[in-house]
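Database features, via TrEMBL:
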DOMAIN    6-121  domain 'Tetrahydrofolate dehydrogenase/cyclohydrolase catalytic'
DOMAIN    140-282  domain 'Tetrahydrofolate dehydrogenase/cyclohydrolase NAD(P)-binding'
BINDING   GLY166, ARG167, GLY168, ILE234  NADP(+) binding site
Amino acid sequence: MTAQLLDGKATAAGIRRELAERVAKVTATVGRPPGLGTVLVGDDPGSHAYVTGKHRDCAQVGIASIRRELPADASQQQVEEVIDELNADPACTGYIVQLPLPRHLDANAVLERMDPAKDADGLHPVNLGRLVLGVEAPLPCTPRGIVELLRRHEVPLAGARVCVIGRGITVGRPIGLLLTRRSENATVTLCHTGTKGLAWHVREADIVVAAAGSPGLITKDMLRPGAAVLDVGITRTDHGLVGDIHPDAAQVAGRLAPMPGGVGPMTRAMLLANVVEAAERNATAV
Ligand SMILES: Nc1nc2c(c(=O)[nH]1)N[C@@H](CN(C=O)c1ccc(C(=O)N[C@@H](CCC(=O)O)C(=O)O)cc1)CN2
């Protein structure tokens with residue numbers, strides 16, 4: 001078997017086209033375009049590349065960019081001052097704080113200081129709480145991108161057994177909440193570095209989401225033949241970027257969202273969707 005491609009790049013391009021039309025409408029109604037802010041602290045090359053990509057996407061759909069950068073040794077107070085500024089800026093519809101932050105900073109305190117109504121990442125505790133409660137809120141971009149990618153490729157979720165590997169705040173923890181909503185109705189097993197018998201859990205699954213950041217962790221012998229497999233792990237090595245899914249997995253998987261070209265572009269598209277939805281909410285509230 002050679003896995004069918006879950007093509008995040010093409011799917012995200014289609015979503016950007018849909019969003020560009022909505023941006024044009026909301027811009028005409030409000031008299032100015034929605035604005036996405038980004039807060040980037042430090043020199044991590046990956047984070048710089050992701051933020052640059054986010055602003056490139058904004059330009060493509062007509063969203064204005066507000067870019068704030070701070071040095072790696074920025075203090076908690078300096079970061080929080082930028083947060084306060086974006087909370088107060090009427091041109092900023094929504095913003096994100098690029099993660100991870102340098103170790104000396106308290107990321108939870110930074111996220112908590114954000115205005116939840118401007119949280120374009122769905123990572124503010126209020127919005128994560130709303131996700132737990134099943135109340136409408138901006139959704140974390142990667143989990144939302146995964147659900148959208150599966151939906152647009154007609155991969156059935158109702159009753160599906162999903163194995164998620166990784167318990168980080170941007171993917172592993174929130175995706176369990178998303179997929180177990182009544183509207184999705186999947187059953188989720190959340191695995192992590194403390195899980196015993198990882199291969200057994202993975203083999204039970206119809207859908208595997210690998211977000212551990214452990215290169216080549218999931219091999220073909222661990223998979224149920226025909227499973228849909230999504231690679232969310234990204235490790236930068238001397239030989240380039242390496243995902244969590246071993247290349248041999250494509251021989252056994254039924255569907256494969258590769259890295260690159262699978263979930264990453266969907267993450268970026270869902271960020272734009274969160275900003276557009278916030279702008280539309282604001283426009284109807286006026
Ligand atoms: N505040 C946030 N921080 C981080 C998030 C997030 O959703 N919000 N997620 C990741 C990084 N990330 C977005 O910020 C992100 C990661 C990867 C991609 C992507 O398009 N990847 C490419 C491959 C990488 C490359 O070409 O350099 C792909 O998969 O095709 C987009 C966004 C952690 N931080």
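Each residue's number is its place along the chain shown, starting with 1.
Placement of Cβ uses the backbone N, Cα and C atoms for every residue, glycine included.
TrEMBL does not curate its annotations; it predicts them automatically.
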Of GLY166, ARG167, GLY168, binding-site residues neighbouring ligand 1, Cβ under 6 A: none
Long-range Cβ environment of GLY168 (NADP(+) binding site), under 8 Å and at least 6 residues apart: ALA211
GLY166, ARG167, ILE234 as binding-site residues, winner by CB count within 10 A: GLY166
